[in-house]
2 protein chains.
Amino acid sequence: MDERAALALLDGELEAAGDDAAVVDGLVVTTDMLHERTDFPNGTTRYTAGWRAVGASVSDVAAMGAKPTAAVAAYAAPEFDRDELLAFVRGASDVCELVGTEYVGGDLDGHDEFTVSTTVIGRTDDPVRRRGAQPGDVVCVTGTLGRSAAALEFFDRAIDDDDAFLERANDLFRFPPRIAAGRALAPHATAMMDSSDGLARSLHQLAEASDCGFAIEADRLPIDNAVYDVTDDEDEALELATTFGEDFELVATLPEAALSAVRAATDVPLSVIGSVREADDGLTMDGEPLADRGYTHG
Amino acid sequence: MDERAALALLDGELEAAGDDAAVVDGLVVTTDMLHERTDFPNGTTRYTAGWRAVGASVSDVAAMGAKPTAAVAAYAAPEFDRDELLAFVRGASDVCELVGTEYVGGDLDGHDEFTVSTTVIGRTDDPVRRRGAQPGDVVCVTGTLGRSAAALEFFDRAIDDDDAFLERANDLFRFPPRIAAGRALAPHATAMMDSSDGLARSLHQLAEASDCGFAIEADRLPIDNAVYDVTDDEDEALELATTFGEDFELVATLPEAALSAVRAATDVPLSVIGSVREADDGLTMDGEPLADRGYTHG
């Protein structure tokens, strides 16, 4: 059974599951586990790891249109190095500060592989779900796509620890979770999730939850400039931006008339990338079926 | 740097840390990570693992005198077996149901070693801390001590998967988190924590946080009957009950006059095991220093 089948199984068991975060009693709560081998490439600093691990869970809270209340992390490693641990905590604290919440610590644990589990709690009286997209709505994405794909390439290119590529990679890896944008979108969005598994997969998940189709226009995708630093090929750039994932941008549907109100409420760029269609119209990009490919988190 | 030194380091960095759970804005939140090798002996069923992993975090909420609101878990394993996953979710859900909260799901993740990270959120307007014990208070412990120590011995004795020892071990491993007792203690307790690292270590941590001493009487310790099924030696039984840990009972200090009110408010047995002394009097059992030994969670 792969991860998605297992998640589907769990969704059947648990009423509150099946969205970016569970909703209980006015609270949203989300948890993620990240591992060195699959999530932190060689050269990822512990500061970046702390930022990114906590940021990933903050992003799930953003995707519900909620305001984060607190973040915790369980930090497991073969040994506890003072500088590494402090760097991790500072990364975690800094990403929390950026979005106006508090990193309140967590658990420490001996483990063969550096592994981090993060949980973020948020509040909202009116969470935005994955279901609710209406034909005629526009589809938007915050920020840019492909940052993490470019970061991976820079991690690969780095030769030693002082490498400028490493700095660039770490910088790209420390994404800003879209809390403010999520709050601006929340009153208007009919459906929302984050793009952690890639834009294509996120669209498929929204389509399934909302029972709708999407017509996406490739030339409207906000591909990050960093992608063009790692490839000159437009097809490859598009592929990286749509299927690589791990960008933690928000993908939302909303009535076109609400766009100006949302844009007035946040500084984060919001790109319209297409429109919501009937389920029978399928999920297309430039008229061709957009495959359900993406990053299945290992 | 060992786990305790690292935690001390983190406590200096993070204001909300340093208790069983962090307190933020009327919420308590706690997270734990457990691994197959160190926390789930051979023969632990996934049902028991789900119960115990979530129960460990529920226990931290109980130790703050709070009421749990929701529980989540991140489940990492080399493969996702349908029956194992369902058993885990049922164990997690059942322990939540026992204490009147909701298991709302979580994350799934591929990983070499079966690893679970759990987070539980609770609410309280008046959390009970580790600091606050006053000389003259009595020291109490809920339930019995040594269940997990006995369980480990039964796991060791089991020969095959059908073994009756395994059933006994799993049964002992599925502890009831002391939410109701914690709620009954909360209005009166001057300090409280759970005994997950063993009674001796818990007392040392309470003594340090409260700047006090303790005089414990060995013959008042509520040693679980199961301990006497694994040893006939009274000294060994006492050792298992005081230092093995993982029992997830509450250790609390309170004015003696409040005892009857607490006992009237909960069905959980509450044993007075000694009294709070001045810091200069040290931490003793039957007049002898009680060493700071216990389970440092691996």
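Using the three backbone atoms N, Cα and C, a Cβ is placed for every residue, glycine included.
Among the candidates A:Asp60, A:Asp137, A:Asp235, A:Asp247, the residue that TrEMBL names alongside A:Asp20, A:Asp194 for the Mg(2+) 3 site is A:Asp60. Listed binding-site residues A:Asp60, A:Arg130, A:Asp197, A:Glu246 compared with chain B at a CB cut-off under 8 A give none as close ones.
DSSP assigns A:Gly106 (ATP binding site) to a strand in the three-state reduction. Annotated Mg(2+) 4 site A:Asp20, A:Thr30, A:Asp60; additional same-chain residues within 8 Å of its Cβ mean position, judged by their own Cβ, are A:Asp19, A:Ala21, A:Val28, A:Asp32, A:Ser57, A:Ser59, A:Val61, A:Ala63, A:Met64, A:Val120, A:Asp194.
Burial estimate for the binding-site residues (A:Asp107, A:Glu246): highest at A:Asp107, by number of other CB atoms within 10 Å. Computed over the domain 'PurM-like N-terminal' (A:18-123), the whole-number mean pLDDT of the model equals 93. In sequence order, the binding-site residues near A:Asp20 (Mg(2+) 4 binding site) (Cα within 10 Å of its Cα) are A:Arg130, A:Asp194, drawn from A:Asp39, A:Arg130, A:Asp194. Between the CA atoms of A:Asp32 (Mg(2+) 1 binding site) and A:Asp60 (Mg(2+) 4 binding site) there is a gap of 10 Å.
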